[in-house]
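Report on one structure; see the data block that follows.
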Amino acid sequence: MKLFLLAAAAFSAPALTVSELNHIKSLNPRWKAGIPKRFEGLTKDEISSLLMPVSFLKRDRAAVPRGTVSATQAPDSFDFREEYPHCIPEVVDQGGCGSCWAFSSVASVGDRRCFAGLDKKAVKYSPQYVVSCDRGDMACDGGWLPSVWRFLTKTGTTTDECVPYQSGSTGARGTCPTKCADGSDLPHLYKATKAVDYGLDAPAIMKALATGGPLQTAFTVYSDFMYYESGVYQHTYGRVEGGHAVDMVGYGTDDDGVDYWIIKNSWGPDWGEDGYFRIIRMTNECGIEEQVIGGFFEN
């Protein structure tokens with residue numbers, strides 16, 4: 001019984017601790033560490049539910065065609081939030097479901113459609129439709145970037161207004177909907193005409209961002225990342241916790257000359273820099289430059 005109670009206490013204990021935070025701070029990382037409001041009191045299992053197994057990050061070089069960009073140099077910096085403020089919706093929260101792969105893919109769909117002028121303002125596309133209907137991926141247990149873009153080119157997705165997100169509270173895939181939540185018929189499904197991969201070529205990634213808009217990427221999450229509050233993240237301490245897919249929206253250089261990528265996360269605005277984070281650029285930090293995929297759209 002005593003062992004059972006100890007195990008139960010460990011199971012329900014907060015995952016982020018002051019002692020671990022102090023250890024990270026003692027290593028003097030270039031970024032600011034703390035216990036984000038988003039994670040206060042959450043257990044390890046609750047935080048782990050936000051991630052997917054690192055096996056989903058394995059790169060299939062044949063799955064998505066290589067992207068090409070013009071030979072002209074990319075601008076020194078680019079921030080989609082500043083250049084196209086009418087195109088980017090608020091930061092959302094995926095809840096207790098490892099659906100980051102769906103959130104980041106449809107975020108990129110919306111961003112890039114608006115960048116191309118197909119949408120005149122920010123439109124939230126439905127991660128729930130992708131989670132429920134994309135049988136090539138694993139719903140709340142994770143997804144492969146090439147696989148979700150295969151789905152988005154063959155099937156597409158609808159708007160979040162039509163099929164709002166539910167898996168964050170249920171933790172389940174749900175049934176692929178045939179009608180909108182209000183009972184009306186599903187409207188036009190928005191498909192990508194193609195998707196290309198700019199991975200492992202930082203200059204090409206920069207040019208693709210500046211000329212086509214945000215891209216979907218993924219990276220390995222270490223335990224110190226959960227303590228991120230602000231600054232340019234670089235892995236400092238801890239073990240692998242899982243994989244995570246995100247929306248890359250820009251790049252720049254800080255006052256100390258450190259190059260970084262700007263990333264939109266899906267853990268709500270109470271994490272990081274109002275829901276965003278920056279991570280070291282040009283060194284494939286945590287695999288962030290490994291798979292970087294952009295979709296293209298015509299209507």
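Think of each number as a place in line: the chain as shown, counted from 1.
Keep in mind that glycine also has a Cβ here, set from the backbone N, Cα and C atoms.
Residues or ranges marked as active site in Swiss-Prot: CYS100, HIS244, ASN265. Per Swiss-Prot, disulfide bond is recorded for CYS87-CYS114, CYS97-CYS140, CYS133-CYS176, and the stated evidence type is similarity to another entry. Positions annotated as signal peptide by Swiss-Prot: 1-19.
Mapped onto this structure are the features recorded in Swiss-Prot.
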residue	record	CB count, 10 Å
CYS87	disulfide bond	23
CYS97	disulfide bond	25
CYS100	active site	28
CYS114	disulfide bond	22
CYS133	disulfide bond	22
CYS140	disulfide bond	22
CYS176	disulfide bond	14
HIS244	active site	29
ASN265	active site	27
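Secondary structure at HIS244 (active site), as computed by DSSP, is strand. Of all the disulfide-bonded residues in the list CYS97, CYS114, CYS133, the shortest Cα-Cα distance to HIS244 (active site) is found for CYS97. For CYS176 (disulfide bond), the spatially nearest entry among the recorded positions CYS97, CYS114, ASN265 is CYS97, judged by CA separation. Annotation: CYS140, ASN265 are the recorded positions among CYS87, CYS114, CYS133, CYS140, ASN265 whose CA atoms are within 10 angstroms of the CA of CYS100 (active site). Mapped onto three states, the DSSP output places CYS176 (disulfide bond) in coil. CYS87 (disulfide bond) carries a helical DSSP state (H, G or I). Spatially, by CA atoms, the recorded positions CYS87, CYS140, ASN265 include one closest to CYS133 (disulfide bond), and that is CYS140. Listed in sequence order, the recorded positions from CYS97, CYS140, ASN265 having a Cα within 10 Å of the Cα of CYS114 (disulfide bond) amount to none.
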